[in-house]
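The domain 'FAD/NAD(P)-binding' feature in TrEMBL is assigned to 5-340. Among the features that TrEMBL reports, disulfide bond is placed at Cys51-Cys56. According to TrEMBL, the FAD binding site annotation covers Lys60, Gly124, Thr156, Gly157, Ser158, Asp325, Met331, Leu332, Ala333, His334. The annotation NAD(+) binding site is assigned in TrEMBL to Gly193, Ala194, Gly195, Val196, Ile197, Gly198, Leu199, Glu200, Glu216, Gly284. Annotated domain 'Pyridine nucleotide-disulphide oxidoreductase dimerisation' per TrEMBL: 359-468, in sequence order. Among the features that TrEMBL reports, active site, proton acceptor is placed at His457.
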Amino acid sequence: MSKQFDVLVIGGGPGGYIAAIRAAQLGFNVACCESNAYADPKGEPRLGGTCLNVGCIPSKALLHTSHLFEESGHSFAEQGICVGTPTIDVARMIGRKEGIVKQLTSGIKGLFKKNKVTLLNGHGAFVGRKESAESEVWQIRVGDVLVEARQIIVATGSKARHLPGVPVDNEIVCDNIGALDLNAVPKRLAVIGAGVIGLEMGSVWRRLGSEVTILEALPEFLSVTDIDVAKEAAKVFAKQGLKIITGIEIGDVKISQKGVSIDYTGRDGSEQKLDADRLIVSIGRIPNTDGLDADKVGLKLTERGQIEVDAQCRTNLPGVWAVGDVVAGPMLAHKAMEEGVMVAEIMAGQSGHCNHETIPWVIYTSPEIAWVGKTEQQLKAEGVAYKAGRIPFAANGRALGMGEPNGFVKMLACATTDRILGVHIIGANASELISEGVVAMEFGAAAEDLARICHAHPTLSEVVHEAALACDKRPLHF
Ligand code: FAD
Ligand code: NAI
């Protein structure tokens, strides 16, 4: 006997659970199946995918704890707060993080109940399509159960890319999963890949006392960000003691119970060696279509293994959609959620949309880095005439009061229309401040529009305001 639904969502991460909730809100009879990737100790699947279990949320919990640890050891004394030398109880820190994960993942089960989404415990795989005069449905096997649904949303996410010949045991050699669960602060930590995970997890363990060395293949550091932001970040991270070596090529990696020994070729062609107690490999993520039996039904994948979709996340199969990390675009939780909402609304006959031009990026280092839209180097390459307004946080009273003088806001606007083309922030609370840039760009605002909006004083948002004024060369406080 098969179970029947209007919509079956495969995967319970941010793309999947949000698509399921929105589709249920719009009146569909919805089920979401989740395989046991992040099962709790009782074997029950945990919803929330990579993001809640081994990604966004646990990493931010550790970043917060390690930030407080560093502050208490360094900047508290400057403000007259004397607490002595802090020590870290790693088990308690990890336990707190686990508690947050548990609370949020079970919260999604609650949201499913509230919205009448049926949770199916099991791995989803395509069986085929059943077409008859009365109905056209997809058949999916979820564990031992055959499920039929008219619409399928594939939201199976991504998994860590590993280095060939370097097995990850999440003890000595870790991907994101082990990096979030080290049982002690390693004396020497090596990281391969100076991308988002490398910088965030490298920061966590450095703040807690590790000597961290990050090996990066590309010659330029943080080439995805605006060039000025990357330069500032390199300066600040070096001052913090995060050692980042760019332009390297990894050679032999020897692994023992005690640690790793990494041979690599330096930018100048010299042969180098890095010894460390633990290694984090963070060299990107790959789309996950494992065990989905996509080929059985002819679901088309790209050369990079992503499910091929159009701008509305339709696949090549009728009634089959795909969202999140398993399709092209930034591998970000909020992008996955936007696509999930879009698909549910389009299925319901509404005009859902997801604007890839205004998806913000945030790197939760200290200072934080956040941006939306085009970088200066992209505008130059595209031959777009632009103007830039750049204001340092050191000119802002609130930033000084908070002891956060590092960084700046840089706004890029079209030289002829004044329309905002990009906002780039390195500084305290950049993750929150970037929303103003996103809203402005989503509404097609000009720098002058932001310049004419009243910003509360004293706030960090005044630096965004001043950057808008600076686009017209008339900042008031700089
Ligand atoms: P996933 O979250 O990967 O979820 C896919 C789900 O599908 C999983 O639960 C999996 O078990 C399940 N599944 C897979 N195949 C099947 C199947 N056949 N049947 C049933 N279930 C299946 N993004 C941000 O925006 N901000 C951040 O701060 C951030 N921090 C991150 C930190 C780390 C360390 C990592 C690794 C990632 C981070 N990300 C962050 C990225 C973010 O986690 C992903 O972009 C997001 O989780 C993608 O959502 P998704 O729903 O597409 O896939
Ligand atoms: P990444 O793509 O951000 O960075 C990978 C880095 O590894 C790149 O700089 C790349 O040049 C380098 N690299 C690749 N192969 C290499 C090799 N063989 N040797 C040395 N360096 C090599 O990927 P990362 O950090 O693994 O994160 C994966 C994704 O997860 C991110 O792209 C992002 O989408 C998401 N994420 C988002 C976060 C956020 O929003 N704050 C936090 C963490 C992850």
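Glycine is no exception: its Cβ is also placed from the backbone N, Cα and C atoms.
Taking the features listed in TrEMBL, we show where each one sits on the structure.
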residue	record	DSSP class
Cys51	disulfide bond	helix
Cys56	disulfide bond	helix
Thr156	FAD binding site	coil
Gly193	NAD(+) binding site	coil
Leu199	NAD(+) binding site	helix
Glu216	NAD(+) binding site	coil
Met331	FAD binding site	coil
For Glu216 (NAD(+) binding site), the number of other Cβ atoms found within 10 Å of its own Cβ: 21
Which listed residue (Cys56, Leu199, Met331, Ala333) has most other Cβ within 10 Å, given these are recorded positions: Leu199
Number of other Cβ atoms within 10 Å of the Cβ of Gly193 (NAD(+) binding site) across all protein chains: 22
Residue from Cys51, Cys56, Thr156 whose C-alpha is spatially nearest that of Gly195 (NAD(+) binding site), among the recorded positions: Cys56
C-alpha spacing of Cys56 (disulfide bond) relative to the residue listed as 'active site, proton acceptor', in angstrom: 31
Listed recorded positions adjacent to ligand 1, that is, members of Gly193, Gly195, Leu199, His457 whose C-beta is under 6 A away: none
Distance-selected binding-site residues near ligand 2 (C-beta under 6 Å), from Gly195, Ile197, Leu199, Glu216, Met331: Gly195, Ile197, Glu216, Met331
Residue counts (helix, strand, coil, in that order) that DSSP gives for the domain 'Pyridine nucleotide-disulphide oxidoreductase dimerisation' (359-468): 41 helix, 33 strand, 36 coil
Cα within 10 Å of Cys51 (disulfide bond) - qualifying binding-site residues among Thr156, Gly193, Ile197, Leu199, Glu216, Ala333: Ala333
Averaged pLDDT, computed only over the residues in the domain 'FAD/NAD(P)-binding' (5-340): 96
Spatial neighbours of Ala333 (FAD binding site), counting only the recorded positions Cys56, Ile197, Leu199, Glu216 and Cα distances within 10 Å: Cys56
Listed in sequence order, residues with CB under 8 A of Lys60 (FAD binding site) and six or more positions away: Tyr364
